[in-house]
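Trainee: Have a look at the structure that comes next, please.
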Amino acid sequence: VRDGYIRRKDEFKFKCYVDGKDCDDVCKSEGGSAGYCTALGFLCYCAGLPDDKAWKPTSS
């Protein structure tokens, strides 16, 4: 379990909207405890994400 950017099948990082609701829902549906949308880059950042769902620098 880790905190980090969520990795999705169709994108290597999940883009989100400023309010973060979509990000929180996606993180929880993928096993995370919470999620928010970063202001820089509008990318979804998750807390408590399973290792296989988290983006790693070697992921694409």
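Cβ atoms here come from the backbone N, Cα and C positions, even for glycine.
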Trainee: Looking at Swiss-Prot, which one of C37, C46 makes a disulfide with C16?
Mentor: C37
Trainee: If you pull up Swiss-Prot, which of C27, C44 shows a disulphide to C46?
Mentor: C27
Trainee: Using a Cβ cut-off under 8 Å and a sequence separation of 6 or more, which residues in the same chain sit near C37 (disulfide bond)?
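Mentor: Non-local contacts for C37 (disulfide bond): C16, Y17, V18, D19, G20, D22, C23, L43, C44, Y45.
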Trainee: Could you tell me which three-state DSSP class C16 (disulfide bond) falls into?
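Mentor: Reduced to three states, the DSSP call for C16 (disulfide bond) is coil.
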